[in-house]
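Participant: Attaching a single structure in structure tokens format; questions to follow.
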């Protein structure tokens, strides 16, 4: 059975999340936030503890029907639907990550992942995916976060980790906080520079992708640089 610890000092999971971040919360607290309220017999933390104690693992959530979830947790249909929707969303996120690590990458796959990761950032972030000879990700590395004095990174910073990982190829991604994905003249110059630097070391630059929260631009798909 799933092991649960009930701690009276953790009675405010939402406040703890705001102070410490979601990763600091227990499964019990995270579930309590989703449940929002308890039922007639149990406080919300007691209810989440009770529900988790009847599972062998968190994966059991996905196997449960709406009716089973309602019956076990003593919650209404709306709350059960919300929990099932969250579980399905998490499953889809994990499916994207698995696709990226297990199979050949396409610009669309990378763009979808990075639109979710970088689309809401207020500063420019430059991320590089380092790949092996089967196009599997060796490392995903944030190389640079923009400042008012500087945007994008130098090729040597990108290539340092390529050599460290013994990568065969790489994909460069950065976001445009403005939401406009059209590449600037600096983006073109940077792409030419990193592509040339990669070629000098025998590394393949597969693509440079610009993302916003809802769209992307692939230099491989839309420019003549590749």
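Backbone N, Cα and C define each Cβ position, glycine as well.
According to Swiss-Prot, the protein has these features:
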DOMAIN    103-225  domain 'MPN'
MOTIF     174-187  motif 'JAMM motif'
BINDING   174, 176, 187  Zn(2+) binding site
Participant: DSSP-wise, what's the residue breakdown of the domain 'MPN' (103-225) into helix, strand and coil?
Facilitator: 42 helix, 34 strand, 47 coil
Participant: Let me know how many other Cβ atoms fall within 10 Å of the Cβ of residue 174 (Zn(2+) binding site).
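Facilitator: Excluding its own Cβ, the number within 10 Å is 24.
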Participant: Taking the Cβ of residue 176 (Zn(2+) binding site) as reference, which residues of that chain separated by at least 6 in sequence fall under 8 Å from it?
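Facilitator: Sequence-distant Cβ neighbours: 124, 210, 211, 212.
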Participant: With every protein chain in view, how many other Cβ atoms are within 10 Å of the Cβ of residue 187 (Zn(2+) binding site)?
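Facilitator: For residue 187 (Zn(2+) binding site), the 10 Å Cβ neighbour count is 20.
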